[in-house]
Amino acid sequence: MDIETKKVIEQILDNNKIVLFMKGSKLMPMCGFSNTAIQILNTLNTDYFTYDILENENIRQAIKEHSSWPTIPQLYINREFVGGADIMLELFEQGELQAQVETLLAA
C-alpha cells in the first residue's frame, strides 16, 4: 500500500464515525453483499459514510490490506474494522451492532 493511499484511508476513517467501504453507493449498491450492508445500516437510523471502492483501484486493494480482510463490503465503527456483510448480519441479528452504534452515539 502506497503512502498516499494509506493517507486517504486514514482520513476517511478519521473524519467519519461509521464507514462502509462498498461496491457502488447508498442509492445504487453494485453487489448483493453491499446491498445487504446498506439495508442493515439503514435499519439502524444513524448517519454513516460510504466509499465506492469501484472508483479507485488503489483504495480497493489497500482497504483489504488495511483490514486483513479479503472481501468487500467492509464496515468500520470508530476506526475499528467490524467485518463484512455476513458478520454485520450476524451482529445485527444478535443486537450487537445496534449496541455498538448506540455506544458510539452516546460518547
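Keep in mind that glycine also has a Cβ here, set from the backbone N, Cα and C atoms.
Checking the candidates LYS17, LYS23 against Swiss-Prot: the one annotated together with ARG60, ALA85, ASP86 at the glutathione site is LYS23.
A 10 Å cutoff on Cβ-Cβ distances gives LYS23 (glutathione binding site) a total of 20 other Cβ atoms nearby, all chains included. The number of other Cβ atoms within 10 Å of the Cβ belonging to ASP86 (glutathione binding site), over all protein chains shown, comes to 12.
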